[in-house]
């Protein structure tokens, strides 16, 4: 027989060109072809003919590669014992991985993949071992990277291998692969589909479904699977109830989690440390320290030793309640309990210390973490960078950032965003751009990173730079978001470019059918501040037409705009629209309405706003009553009624209250004695307040200034109006003693008073005028902008 061509033989017997099994002899060729090949038999097989009867050949000598005399078949080549030895080693490695480390899914998968890569080894793999691998993958999928790709590979091997039918396990693998998208409805459909395909759900099916629902925070859905599992003949254990407890804990339903936990105990099942820890985390999330600690005490009484995760839950609770000493004691208790703190433990401590401005302790803990051999992760560096940046320690933030770069940890957008935002907030745009350029050399910037640059340039007042970054953003393919347009609109408004801001609003509206509510707030505020009330109303109506629900600040800004324009009627009309929309005017708005009505000489409107204010259970303050006193000018009964309400509300008199009462008593009632009594009362109250609070003196040895110019001005005017020169001299002595600044118009009144004393004392009056200052404080400040002035108790 002519020998077969070696090259053709090598090509035909390679794994790439191997002939598939014959339907009539599916196993014959697979078992025969890899071990020894006869040229005649191989030619018959390629020609489509049956091979001649095969005789058992004696074991070939390792020294010889061709044995032509031992058989009627001419052996062209025979595989060496390497193939058998390789399969044995691969299968032994898989057995060792399954027995030694049943939870080390990475090692198991590596051994399994090596077995599947070799055809002989895959054929020799038993069903029992294959099931162990599948079960390990399904139950420890979270610890296996690229799980979706690996599950697809596993399903392919199940179909190609010589294993028993594993349809149920393939269906279970589908649950793991689509774990995050499962709902209770989809879970029930999956069970029904399995039954229709003659795939009987096993215990793992129900466990995996409950675990998927619980991990997504659907405790009710996981509980609905429980009776189906019991009906199928499977007995739930503590791990099954763990899925229900976890679902309620992540769904922020601690009471239902407690109910499931008690049900577990009522069935005679022993709760695990994972059950207790999950239940504690549910109440710790609610900041319920008492219940969390009681569960922890119950766990200790049951003889269950807490894990590091349990202590982590308690640490987060302590930092949430700002109990730093308790957190430190817990951290020490971890070491005393013989446990080793994890990276998450250090992260919780560092984050908690950073948020409470204890960066020095956080830095020391970070150094201790490195000394103990614990490797920081990206969250550790992120917490330190964010804490330093928030406190303005930008040098330290950059130092940790450089350490992060050299640590080999894969950076994400979070770290760059923290640094960018910190430098932009600190108005250091040069360093902010350096971080941005460093980011571009590593990862692709997102819309958020460009928004930070735009916001930073707007914050420092450089609109041109902001617009330049906006153009770069579009060139980079980053789509502007609502925040982008909002920042640009604010930049235009800050620069006084109202028309450009409105044009940006139009573009914003084209890109997003419904711009953000903050955009409307800024635009309407700008229009109202510049007196464009018609434009503000049109913009407000545009929001309503698009189906938006206007918020309180929009109504308030329009009302304040009309008050600024002096249109009290329109302001009252919009106040009615605000009430119809379900909003109650706030304290600031009521004060603005009362002030506007008072200055418009509409006392009835001022008192009506005051009645509405009391009806809405909003407490008036000194500013409110001061303007009500002004509104009561000319009506002594109203003045008395306001003073009575002021006493009932226990509102103390301030400087403007005394000034207003002095003005009313002097000009309206023509009662100088009453006015002078108020002045003496005021000076006495100021003196008592000064001696009890003031401990320092000026450089000239005089006492600190506490007399308000408005009150001194009112007292001088009262003396001038009633021709009381002696009283005026007493007021002047007080003014000199306390270094009170008085305006020139008060000095003019004093000149008239000096002329009233006697024609001969004109020179003396002029000297007194020259001694007076020209500083003036208004009788009342706008609401919300009042300075923190000393309040004098009446």
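Cβ atoms are placed via backbone N, Cα and C, with glycine included.
A quick note: this is a predicted structure, and the numbers were derived from the prediction, not measured.
Annotated repeat 'PPR' per TrEMBL: 202-236, 237-271, 272-306, 307-341, 342-376, 377-411, 446-480, 516-550, in sequence order. The region 'Disordered' annotation in TrEMBL covers 774-794. The compositional bias 'Basic and acidic residues' feature in TrEMBL is assigned to 784-794.
For the repeat 'PPR' (446-480), the residues of the chain that approach it from at least six positions outside its boundaries are 413, 416-417, 420-421, 423-425, 427, 429, 432-433, 436, 439, 487-488, 490-492, 494-495, 497, 511, judged by C-beta separation under 8 angstroms.
Residues 273, 276-277, 280-281, 284, 287, 289, 292, 296, 299, 348-349, 351-353, 355-356, 358, 372, 374 of the same chain lie 6+ residues outside the repeat 'PPR' (307-341) yet bring a C-beta within less than 8 angstroms of a C-beta in it.
Helix first, then strand, then coil: DSSP counts for the repeat 'PPR' (237-271) stand at 26 helix, 0 strand, 9 coil. The DSSP breakdown of the repeat 'PPR' (342-376) into helical (H, G, I), extended (E, B) and coil residues amounts to 26 helix, 0 strand, 9 coil. Across the repeat 'PPR' (202-236), DSSP classifies residues as 26 helix, 0 strand, 9 coil. If you average pLDDT over the repeat 'PPR' (342-376) in this model, you get 87.
Using DSSP to sort the residues of the repeat 'PPR' (446-480) gives these counts of helix, strand and coil: 26 helix, 0 strand, 9 coil.
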